[in-house]
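For reference, TrEMBL has these:
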TRANSMEM  21-42  transmembrane segment
DOMAIN    25-477  domain 'Major facilitator superfamily (MFS) profile'
TRANSMEM  81-99  transmembrane segment
TRANSMEM  111-129  transmembrane segment
TRANSMEM  135-157  transmembrane segment
TRANSMEM  169-192  transmembrane segment
TRANSMEM  198-221  transmembrane segment
TRANSMEM  287-307  transmembrane segment
TRANSMEM  319-341  transmembrane segment
TRANSMEM  348-372  transmembrane segment
TRANSMEM  384-405  transmembrane segment
TRANSMEM  426-446  transmembrane segment
TRANSMEM  452-473  transmembrane segment
Amino acid sequence: MPATGLVTNGGKEYPGELTPYVLVTCIVGAMGGLIFGYDIGISGGVTSMPPFLKKFFPSVYETQQGEKVTNQYCQYNSETLTLFTSSLYVAALLSSLVASTVTRKFGRKMSMFLGGILFCVGALLNGFANAVWMLIVGRILLGFGIGFANQAVPLYLSEMAPYKYRGALNIGFQLSITVGILVANILNYFFAKIKGGWGWRLSLGGAVVPALIVTIGSLVLPDTPNSMIERGDQEKAKAELRRIRGVENVDEELNDLIAASVQSKRVEHPWMNLLQRKYRPQLTMSILIPFFQQLTGINVIMFYAPVLFSTLGFESDASLMSAVITGLVNVAATWVSIYTVDKLGRRILFLEGGIQMLICQIIITAAIGAKFGVNGTPGELPKWYAGIVVAFICIYVSGFAWSWGPLGWLVPSEIFPLEIRSAAQSINVSVNMIFTFLIAQVFLNMLCHMKFGLFLFFAFFVLVASIFIYFFLPETKGIPIEEMATVWKKHWYWARFVGEDDSPSGGIELGGDGQNPKRV
């Protein structure tokens with residue numbers, strides 16, 4: 001029978017509350033999502049600005065402005081234009097692999113700091129760009145920054161948060177992504193109105209602001225107790241753990257963290273360790289969850305929202321405003337996830353969001369197909385008709401924003417044992433970036449050739465993803481991060497890979513002083 005998600009944490013309940021200190025720390029840490037979100041929102045907006053297209057992509061501009069444009073599906077189809085958008089994600093993929101080592105050896109803060117610096121340099125290069133190569137190089141630097149930040153921030157939040165509030169605090173990362181997207185969409189709308197056609201420079205260069213927030217934030221934040229212990233500073237870790245939990249007695253949690261660290265240091269090659277049979281559940285989730293997250297089709301909406309709405313018949317300003325509307329929905333719906341994830345659990349949100357997205361994609365397919373047909377010639381598009389399409393896109397976005405959006409980052413970051421945590425998170429980020437790149441690279445070409453059927457393509461993967469979650473993802477709500485191995489032992493399928501001797505601390509028990517490990 002399928003997993004019901006009803007597992008317990010084996011009786012472990014670490015003392016500690018949601019202190020103001022840890023709340024502020026997690027809010028500042030979550031700001032790492034701003035750079036990712038701002039880029040997603042900005043890239044789609046500037047590629048629909050005629051002055052930007054005229055300067056860097058004249059063939060697209062001529063096609064868009066020409067009177068002979070009849071096929072709305074293909075007006076933005078340009079390999080150079082998609083390279084501008086997608087080059088960032090190749091860089092993020094490569095840097096996330098390097099970030100694994102940095103995060104493990106130098107702490108989560110260092111990865112966040114490097115991410116902010118690289119993103120800042122890339123933003124400046126894009127803002128002052130006078131040639132396509134400057135845009136591409138700038139995008140690559142932005143990608144390096146995102147790779148480091150996305151590697152470190154979800155781990156940082158999961159390790160700092162009390163286990164009872166881990167879901168809500170970790171989703172702060174996704175909330176920052178949605179806020180970044182919304183701010184970018186609003187700025188695009190107003191910057192596009194600047195006379196002289198140089199507003200795109202402000203849009204691209206404005207990425208310096210979230211980059212500085214991340215950089216400065218990383219300097220003032222404390223490192224996580226897990227990371228301190230991993231680097232041999234147990235006394236400092238104990239003091240920090242007391243501070244973030246708001247209680248004096250943190251011995252049980254500290255001992256479990258030390259035991260996990262002892263186990264992790266015995267692992268010489270964490271990348272090879274990932275292939276061990278007992279880590280099969282975590283490896284599977286670190287690959288398939290980000291894979292399905294990208295194949296829901298959300299980045300098609302968020303990358304190219306202005307382009308998509310322009311294709312649907314909106315004018316340039318109206319298409320940018322429609323992107324602002326979807327951005328507002330995205331932010332609002334993420335708050336729903338923050339409020340419910342530690343009450344209802346991860347599985348319910350995953351499944352409800354999947355059903356909601358599936359229904360909306362089918363309706364959007366029918367609406368676009370009926371009006372645009374296979375030739376992409378809708379004629380005069382009534383405002384009420386376009387409004388209906390936008391409404392269902394917003395419902396679709398809300399379904400993603402309280403399910404696959406935040407949970408796609410939360411669940412992988414909370415299920416990895418310390419000995420493979422950095423390496424596994426790199427796998428998670430890398431898979432995410434691989435498919436983000438592929439979708440960004442081929443979307444406009446797919447839209448041109450698959451037409452309205454493109455939405456059915458993504459709907460299929462939403463269906464498969466929901467089936468996967470129903471049968472294979474156990475509930476992880478309310479389970480301490482270093483006790484997460486218990487959920488796999490009690491799962492109908494994964495129990496065959498995780499033996500009883502694969503304890504959360506790797507079969508290690510600590511002496512009363514927390515310093516002397518011994519095998520059990």
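Including glycine, each Cβ sits where the backbone N, Cα and C put it.
For the domain 'Major facilitator superfamily (MFS) profile' (25-477), the model's pLDDT averages out at 85. Ranked by number of Cβ pairs under 8 Å to the transmembrane segment (384-405), the listed stretches 21-42, 198-221, 319-341, 426-446 are led by 319-341. Counting Cβ pairs under 8 Å that are 6 or more residues apart, the transmembrane segment (21-42) and the transmembrane segment (169-192) reach 3 or more and are in contact.
Counting C-beta pairs under 8 angstroms (sequence separation of 6 or more), the transmembrane segment (198-221) fails to reach the transmembrane segment (348-372), with fewer than 3 such pairs. With respect to Cβ pairs under 8 Å, the transmembrane segment (348-372) is most closely packed against 452-473, considering the stretches 169-192, 319-341, 452-473.
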